[in-house]
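Participant: I have a structure here, written as structure tokens, and I will follow up with some questions on it.
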Amino acid sequence: MRAGELLALLGPSGSGKTTLLRVIAGLELPDRGRIIFGGDDATRLPVQERAVGFVFQHYALFKHMSVAENIAYGLNARKRPGRPDKAEIKRRVGDLLDLIKLSGFADRYPSQLSGGQRQRVALARALAVEPRVLLLDEPFGALDAQVRKDLRRWLREIHDRTGQTTIFVTHDQDEALELSDRVAVLDKGRLAQVGTPDEVQEAPASATVLKFLGDTIEVEAIAEGGRVFVNGRPTPVAAPPGLVGPVKLYARPWQLRFAEPEHAHVEGVVRTSYRTQGRQRIEVDRAEGKTVVVEAANSARLAAGRPVGLQIVGGHVFAD
Amino acid sequence: MPEPLRPRRRLMQPSVIPGFGLAFGYMLTCLGLIVLLPLAALVARASGLGLSGIWEVATDPRVAAALKVSFGISILAALTASTFGFLVAWVLTRYDFPGRRVVDAVVDLPFALPTAVAGIALASLYAPNGLVGAQLAKLGIQAAYTPLGIYIAMVFIGLPFAVRTVQPLIVEIDREIEEASATLGADRLHTLTRVILPPLIPAVLTGFALAFARGVGEYGSIIFIAGNLPYVSEIAPLLIVIKLSEFDYKGACAIAVIMLAISFATLLAINLIQAWSRRRFGYV
């Protein structure tokens, strides 16, 4: 974890990402391993002294306090010598309210706010104590799609402006790839890969990482002499050096093309197709029974039941 | 020609839940027959005395003393029951220990016990030769047959109310709220006093009101331990019974009406405080 960066912890549910975040925060104790903050071992430090800001999926605002009181809570909770005076707290709360664009809402109660507004208040509350690291646990998980998108962009803006070191947990690949400087993919409690969004997409460390980052089609293939063959026909995908024999080839929906049967790597029958955001997605039932999704330009619709051939034009290869 | 639709004035907002008329009528009938009718009869009976007559009864030194004992000790006992009841509810919900369910069931016993049985049990326990009474006597404290005895009995019968009203709210306390408080640097005490306790206040008040009301109206468990000394440890309900046995029905009704008025005023005040605190804490 580098200072000032925005790191996404990405993984399927049950992969341990929330647990890891809670261990970092000190809300749970690690079985083994250490937590290091800027060179200091924080493993045994109680939550209160870790100087982390934690934002919960369900906001966890104090219902009986106004927005301003919620934000000021961390400052008011400080012991005498370290506590800023009332005017200073008021000023800080005002600044944070400006930051989260809720200036007129200081005296409202959480029950009078929408989900997105509540999460912004929760964020301001966490930022108020000037944490060393800001931890967000699926911060947009409970919000609807449009609010999610707005908040995502807004969080990125805030991060760029404040340079606050931030870790956020998500199971949404798009969110992680759009928002973060680096992505850490977790799989069954282990760190599968850490890298920039480009790195993890272009060079996934394992099939699990690849599959988790988006829709994939999985095909049996043979690697031979640095090339990969599917159905006896060559593909443009290069095999990593040393990989020979039966392998698995993984391709994205946009790495498939419709092709004449003599060039096709995969054959199947169109099940259904639909348009989404300027593209067309076609679901194809393969002969072996699996359904694959193909993404293509918005051309004429393909009728259901029509047999088609698919050519693989890109992808990644991993040992079987 | 069809008549234009005119907005009809309604008693309530239209709702998908059917049967408002039936339910409302049923509610009024029950409330009227079961609660208001007896109380109205009581007031009617007492009104024979006139306001001045009732005032005369109220200012009678023995009656005034009994009312003071009843209401004063009820308030003290309700305060104690709320405090201990809160602790009991807290421990029962926040910690898991062997026998928790048994303890949880024991809390309800004062509800179920015939009050006279409770009174005799308490009296024998706190009497100067009783198990606890003997120990207290060594310290020079006499519990039974004094106002202290009344207080003990009222706490005993009020406790379950205090426990059962706060318990469901303590169960509902969100762990994340406490965790949020901790990550913001607040210690346990700060979290407790600023985050956990304030939302519980309305429930604690309800428990207090119920324990108080029960204490004021209690008869059976108190008369055995109170000693019933006029001017010292005589409670108002006992005085009503005494008046009745002397065939002074009007006097009995007058005391009852006075008790009713004071109780109603107190409960109304508590309800208003509650309504205020609910608004204050931002949820309806």
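Using the three backbone atoms N, Cα and C, a Cβ is placed for every residue, glycine included.
All annotation found in TrEMBL is predicted automatically rather than curated by experts.
Grabbed the feature section from TrEMBL, which reads as follows:
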type     : residues  : note
TRANSMEM : B:20-44   : transmembrane segment
TRANSMEM : B:64-93   : transmembrane segment
DOMAIN   : B:67-270  : domain 'ABC transmembrane type-1'
TRANSMEM : B:105-127 : transmembrane segment
TRANSMEM : B:139-163 : transmembrane segment
TRANSMEM : B:195-213 : transmembrane segment
TRANSMEM : B:219-242 : transmembrane segment
TRANSMEM : B:254-276 : transmembrane segment
Participant: Determine whether the transmembrane segment (B:105-127) and the transmembrane segment (B:20-44) share at least three Cβ pairs under 8 Å, counting only pairs 6 or more apart in sequence.
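Facilitator: Result for the transmembrane segment (B:105-127) with the transmembrane segment (B:20-44) is no.
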Participant: Any chance you could find the range in B:64-93, B:139-163, B:254-276 with the most Cβ pairs under 8 Å to the transmembrane segment (B:20-44)?
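Facilitator: The listed stretch sharing the most Cβ pairs with the transmembrane segment (B:20-44) is B:254-276.
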Participant: When you look at the transmembrane segment (B:254-276) alongside the transmembrane segment (B:139-163), do they share 3+ Cβ pairs under 8 Å, ignoring any pair fewer than 6 residues apart in sequence?
Facilitator: no
Participant: Among B:64-93, B:195-213, B:219-242, which stretch has the most Cβ pairs under 8 Å to the transmembrane segment (B:254-276)?
Facilitator: B:195-213
